[in-house]
Amino acid sequence: MPRVITIASGKGGVGKTTVTANLGIALTRLGYHVCLVDADVAMANLSLLLGMHSSPITLHDVLLGEASVQDALYEGPEGVKFIPSGLSLENYRRVDTERLGSVVQSIAPMFDYVLLDAPAGIEKNVLSSLAAAEEVLLVTQPTSASIADVLKIKITTQRLGAKPIGVVLNFVLREKGEVSEDEVSKMLELPVLGIIPFDDEVRRSFMQEKVSPVVVRKPNAPASLAFAKAALRVAGKPVESVAQEKAGLIQSLLNSFRSLFGKPR
Ligand SMILES: Nc1ncnc2c1ncn2[C@@H]1O[C@H](COP(=O)(O)OP(=O)(O)OP(=O)(O)O)[C@@H](O)[C@H]1O
Ligand SMILES: [Mg+2]
């Protein structure tokens, strides 16, 4: 059964697009077929973050009934598929996101996961993104203001008949004054599925000449390892396997050194 999950936050700039791209690629690495949809039809930037610049046909054209969804489907890093939104303001004004749900449902059977990158706020296009999915993953910073906004999104999600499945805490610094993981979980009555540290590599990945998400550019950066864990949690798999994979990699490197140079004393 495909899982359609909207990534939403209420508050702007907390990392929805970053989470969509990196979590999507992390799920692809687990062997799932994943499609990312840029549901931020006004301020599209998912494709830029994926490092993909040329997408002549977009979600705008599909929502306007001027192109088929298949024509707006592109391949991104590591085989993740994505549907970009258009940059034209004129088309944006004409677009009606009420059709988003049916567009998404038409491609869902081709994938294990469809992740929708929602816009900020709680306006009509946000409601369309929440209503287009069966599940919603909330992104928040560990601050009261961000959590208050995400609570509104949680309540709205439930009113629209979708299921909030959990929270991703982003920009975590583990500093005094931050709301702890347990407190967030209690306040929102949801499990914390990801704890993504503040990591300058995330921002740097976006500033390279050739942009690529941090999980691709720096797979061992703290944020990348955290995205790998979050993908396991979202998929309902045991999280130890990230550590095991790393231990396995180190062991196999040691073994090859040993076979080359003999047993170290
Ligand atoms: N864990 C992190 N560590 C450091 N920088 C981060 C992290 N997560 C996101 N950022 C940076 O924060 C900025 C905002 O991230 P992003 O665009 O993903 O937020 P957003 O919620 O999608 O914003 P909007 O509401 O405008 O759509 C970007 O410059 C991104 O590189
Ligand atoms: Mg965004």
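Using the three backbone atoms N, Cα and C, a Cβ is placed for every residue, glycine included.
Per TrEMBL, the features are as follows:
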DOMAIN    5-208  domain 'CobQ/CobB/MinD/ParA nucleotide binding'
BINDING   Lys11, Gly12, Gly13, Val14, Gly15, Lys16, Thr17, Thr18  ATP binding site
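Neighbour density around each Cβ, counted as other Cβ atoms within 10 Å, peaks among the binding-site residues Gly12, Gly13, Gly15 at Gly15. The binding-site residues near ligand 2, defined by a Cβ under 6 Å from one of its atoms, do not include any of Lys11, Gly12, Gly13, Val14, Gly15, Thr18. Mapped onto three states, the DSSP output places Val14 (ATP binding site) in coil.
A Cβ within 8 Å of the Cβ centre of Lys11, Gly12, Gly13, Val14, Gly15, Lys16, Thr17, Thr18, the residues given for ATP, is found for these other residues of the same chain: Ser9, Val19, Ala120, Val139, Asn170. Take the binding-site residues Lys11, Lys16: by the count of other Cβ atoms within 10 Å of each Cβ, the lowest one is Lys11. In this view, Val14 (ATP binding site) is surrounded by 23 other Cβ atoms within 10 Å of its Cβ, with every protein chain counted.
A 10 Å cutoff on Cβ-Cβ distances gives Thr17 (ATP binding site) a total of 26 other Cβ atoms nearby, all chains included. Note: Thr18 (ATP binding site) has non-local neighbours Leu49, Asn170, Val202, Pro213, Val214, i.e. same-chain residues 6+ apart with C-beta under 8 A of its own C-beta. Looking only at the domain 'CobQ/CobB/MinD/ParA nucleotide binding' (5-208), the predicted model's pLDDT averages out at 96.
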